[in-house]
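Pulled from Swiss-Prot, these are the features on record:
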{"type": "BINDING", "residues": "G33, E34, N35, G36, S37, G38, K39, T40", "note": "ATP binding site"}
Amino acid sequence: MKNIFLHSLNLENYRNFKNLELKIDNIPIILTGENGSGKTNILEAISLFYPGRGLRSSKLTDICKTSEDYCRVKALLQSKLGIADFSTHIKRNSNRRITEYNASKIANNELSKFTSMVWLTPQMEGIFTSSSTDRRKFLDRIVYNFDTKHAELLNKYEYYMHERNKILAEDIRDNNWLKIIEENMANISNIIANNRLKTIRFMQQAIDEIENEFPKADLSIDGIIEQKILNVEEDIVSFIITELYQTRSKDKLLGRTSFGIHKSDFLVKHQKKNILAKFCSTGEQKAILIAIILAEMNSTIKLTKITPILLLDEIFVHLDDKRRQYLMDFFTALNIQLWVTATNLDGIENFANKAQLIKL
C-alpha cells in the first residue's frame, strides 16, 4: 500500500497568507479558526497539486494575495514515486501557473502520475442541480484516481475539438487535416468513455457492498457514446468519425462541436427512492454526495493500493450524531492523511484527540 501525504506545506502570498509554514504528519489534521481565517484556502492550496484548477476552480488572479505580483505554494510530498518537492507558482500579470516536480517543470495534467486526492466542499453540495458540465468534471476528477492518463486525454480532446471548430469556422479547405483531427477525437473519445464507464462500475460496486449511515446511490452516465459502448452495438471509433463528419455543416453554423463525450452527463439516483438526486432534499443531496466520496475512497484504496489525501471542508456541519460518529470511525480506520476544517471541535472531541490540530 502506498500512502500519499504531505510532510510540509509552505504558502507565500497565497490569498490571506503572507507566509505560512506547516509541518505535518501522516495523520488526520484539523484546521480550526473563525470564518475568514483561511482554513479553506489551505485546502485549496493542497488541491493545486492535482489536475485541474483546484477545489474552488478559481481564476489564477484571485489566488494571489491582494497587492502582490505573485504567489507560490511549496510542498514536500510522499508521492506515488517517492518523497519529492513540489511547487506551483503564479504570476499575476501572466495569468499562468507553473508547476514543478523536483525543480523540473511538469504539465498540470501530469500531476495524477504523482498524487492522488479526493475532496468535498460545501460548494459541491449543489452538484446535482448544477450543470452537466460540473457533474461531468466531478466524474472525471474521480477517474483521475484510477487512470493517471485521463487528465492528459481530456486535454488532448479539448485541443483537437478546438482545432476542428477553428477549421470549420475559418472555412479552411483542408479535408485531410480535418479527417485526421476527427480520427484523433474518435480514438481519444473511445478511451475517455471507457474510463468513465469503468470508474462508475468500480464506484457502484463499492456503494453496493458497503453498509453505512448514508443513502445508497445508483450511478450512470447519460451519453450517446457511452450508451453504444454498453450496448456493444458497433465499432465505436468508426461511429464517432461518421457522426463528426456528418455534423460538420451544422457545427460550422453553431460555431461549436455538437456531438461528443463533452456532452455526457453524470447521473446519480437515490437508490431506495428511485429518483434522481436533483429531486431530493438538500439534506439528502449532501448525504448522497458523502456516500459517493466514501465509495471513491474505498474503491481507490482497494483497486489501486494507494491511499489518497482527503480534503474535507466543514463536513461535520449539519450532520446528526450517528452520521458524524460513523464518519469519524471511517476516517480513523482508513489510515490516511485527512485534512478537515472546523470552526470549533464541538461534537468531534474524540476524533480531535487522535489528530494534529492547527489553529489559525
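Glycine is no exception: its Cβ is also placed from the backbone N, Cα and C atoms.
Here the features listed in Swiss-Prot are painted onto the structure.
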| residue | record | contacts (Cβ under 8 Å, 6+ apart) |
| --- | --- | --- |
| G33 | ATP binding site | K39, T343, K359, L360 |
| E34 | ATP binding site | T343 |
| N35 | ATP binding site | T343 |
| G36 | ATP binding site | N16 |
| S37 | ATP binding site | N16, L360 |
| G38 | ATP binding site | R15, N16, F17, L20, L360 |
| T40 | ATP binding site | R56, T121, D313, T341 |
Exercise for the section: Let me know the DSSP-derived helix, strand or coil state of K39 (ATP binding site), please. Expected result: helix
Fill in the blank from the handout: Cβ contacts within 10 Å for K39 (ATP binding site), all chains included, total 23
Practice task
Could you say whether, by DSSP, G33 (ATP binding site) belongs to a helix, a strand or a coil region?
Solution key: coil
Problem - Additional residues surrounding ATP, by Cβ distance to the G33, E34, N35, G36, S37, G38, K39, T40 centre under 8 Å - result: N41, T341, T343, L360
